[in-house]
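This report refers to the structure that appears directly beneath it.
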């Protein structure tokens, strides 16, 4: 092939690459939803799951923007700038948001737009940013409210966003419904206590909207990573219940000895403390073994199964009556039903119902505790435990003759 032919092929390749680059430039999106995921905290996995749920919900709404996650503090600053300078406007997000509908009209807002959940301080869970954030906004509270232009033009300046773009979940808990007339009800945010975020299984039904977040996760992400752990724990708890039921006679024989012995106060006190701590452990250990981000219905069901299984061990070892030991578990189940009741008129009535239930259950819980204590005392009076070391447990004379 001569030099002219090679030159022609090179020119053709350059034109092809230029055309592809031009096509990519024309189809490249000029807006982005961006979120930062901080690493190095004890709750990294939970926020990772929350970030995935939020991004999947945005993708399912077919938003006309890129989805960007700044996933690590180790990302060099020049890389971050390279990724973000190609966008005209960016909506910065926290991971504890739920999108109910598209919010692409936010890209028509000005250089900086944010929501005031607090009357005096804007909330950083969602804000619109154009360019680099290198200034303060002391006059943002006095700026006009953002209303998206119907002709699709982009505004300049700073604006306040309507509260519907950051609906604080605490407002819902007051009325148990949304009553925010200003702006579209598009985004729910959960700026609550860190350990009551909606992705934790124990946050529902304490906070009713936690179930809405898990419904978003079920539709967009699923629970494939947690289900095997739940199955293993459920099988283990069921096996414990079966073994303790079958081994109950042998456990009783090991612990029960009718030979009269002199009571030792220290050992008796240690026995009572051991029994109470065992009951406490039976109620707390299953809570910490359950994966934190499972569905609340699965989490609470597994917790109750775990408490019942570990309590069965305590009941058999210390020969306790089952009902007083499990009274607290029944009380927890009742409180969940009271909080999950869906027909309260508002949050105040719901809170009063929970308070009334707790007031009625407190004497029952105290009576069950006294019943457990009296059962332990009766057991000690029968000298069922701790024969003296070094003494043989010989049968009485009349038993020998018989």
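Note that Cβ sites are derived from N, Cα and C of the backbone, with glycine treated the same way.
Residues or ranges marked as signal peptide in TrEMBL: 1-23.
Summarising the annotation, TrEMBL assigns transmembrane segment to 227-244 (among others).
Marked as transmembrane segment by TrEMBL: 265-285 (among others).
What TrEMBL records for 297-319 (among others) is transmembrane segment. Same-chain residues lying 6 or more positions outside the transmembrane segment (297-319) and placing a CB less than 8 Å from one of its CB atoms are 201-202, 223, 230, 233-234, 236-238, 240-241, 244-245, 247-248, 251-252, 255-256, 271, 275, 278-279, 281-283, 285-287, 289-291, 325-326, 329, 332-333, 336, 375-376, 379, 384.
If you look at the transmembrane segment (326-345), the same-chain residues 6 or more away from its ends with a CB under 8 A from one of its CBs are 176, 204-206, 208, 283, 300, 304, 307-308, 311, 353-354, 357-358, 361, 364-365, 368. Positions annotated as transmembrane segment by TrEMBL: 326-345 (among others).
If you look up TrEMBL, you'll see 351-369 (among others) marked as transmembrane segment.
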Under 8 Å between C-beta atoms and at least six residues away from its ends: which parts of the chain pack against the transmembrane segment (265-285)?
306-307, 310-311, 313-314, 317-318, 320, 325, 328-329, 372-373, 376, 380, 385-386
Go through the chain and flag residues at least 6 beyond the ends of the transmembrane segment (351-369) whose CB is under 8 A from any CB in it; none is fine as an answer.
323-325, 327-328, 331, 334-335, 338-339, 341, 344
